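See below for the structure under consideration.
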Amino acid sequence: MENLTPKKIVEELDKFIIGQESAKKAVAIALRNRFRRQLLPKELRDEILPKNILMIGPTGVGKTEIARRLARLVNAPFVKVEASKFTEVGYVGRDVESIIRDLTEVAMNMVKQEHTERVQEKARQLAEERVLDILLPQPRYTRDMNEAEERTRYKETREKLRKQLREGILDERYIEIDLKEKVVPFGIISNVAMEEIEINLKEMLGSFLPEKVKRKKVKIPEAIQLFTQEEANKLIDMEKVTKEAIERVEQTGIVFIDEIDKIASRGSSYGPDVSREGVQRDLLPIVEGSTVTTKYGPVKTDHILFIAAGAFHVAKPSDLIPELQGRFPIRVELNSLGKEEFVRILTEPDNALIKQYIALLATEDVYLEFTQDGIEEIADISQQVNEKTENIGARRLHTVMEKLLEDISFNASELKGQKITIDAKFVREKLSEIIKSEDLSRYIL
């Protein structure tokens, strides 16, 4: 994190997201401020709260991608939720506290994975020993046997088997293994609001039930894999994992709330606006800073970074309740994308669409070559369709590319070894009829 200066963060985001400089700058500063905060004395550190961000812009311009890439960049727990999916406490549906429970679950999986990787080598060695015990059980020594000689012979045979095991000679051999599993004998039918109770009840019942041993017949590589997982779980200190995960959520967690404009009310005192305002009021304590109870323990939300986003076509940011507006002090507007940006999106990012399609079809020995005029034609058509129908931003490129390469993808097995050039003429031939008919472009692209 020390090397991730705001400029460096923007450079990393540039590899995947075209344009939107002001949004990138805002998130880069917010992220750097987290690192700066960690260097302060504890008394001052607790006083500095994250500056939450409100992104305003149409769909498909990179709002979600900026937040997702940001979280991946710093290996922070990240969860994306849609504001419109939540209901007020007391109503059927998910309550807003489940956001923090989901974020804690993500952090638990991340930290557990990291701890598993640290003990992986040791776990594999133990798994190997268990497989060797099955292949060559310990002999029972009798009085008539020369015990020292038998031990030497057993050790030599075991080492030979170990060598064969590591060289893959025994990969096709089947063995019977015993795996431990806890089984709760019934499921609980519940709605989403009851999910936490259901999980806790299942875990509580699971701790009372004896471990069931299940016998399976598997190939040796699979046995090693299953034993490695089992041994790794034994080696991991789950108390330490839980403590680290909660700390990571509290200090580095990022929550992306999409479609926040859908819960903005227009000032009516009845109807759906009342419910929307209720969701905003439920969100407020979490964004402001409160303690949420999860199955892993209490989680404080004071220093979690919240990034909210919405198109705000109908509602305005000022339609959000004043208290919630005040909790998103940084506001950035994202620009609509046009032909120029589409050309760059198709070619520049590390995960550019054209690179993806070239790689996909190359797996079947079909080689695509896109000319510059072909790329510009794809971008131009995407812009035209966005203007004629709904503007869905860069997502339009996906639908246009799918339609353009539909026949090639379908007949790929018959086109082995061929090189296909995608130029402006090819693009027009495939898509011109659809573009001419507004009805067709509305339903197909």
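Just so you know, glycine gets a Cβ as well, placed from its N, Cα and C.
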Since Swiss-Prot lists Ile18, Gly60, Val61, Gly62, Lys63, Thr64, Glu65, Asp258, Glu323 for ATP, which candidate among Arg124, Arg130, Arg395 does it give for that site as well?
Arg395
Across the record's ATP-binding residues Ile18, Gly60, Val61, Gly62, Lys63, Thr64, Glu65, Asp258, Glu323, Arg395, the largest CA-CA distance in angstrom?
34
Between Glu65, Glu323, which of the binding-site residues has the fewest other CB atoms within 10 angstroms in the structure shown?
Glu323
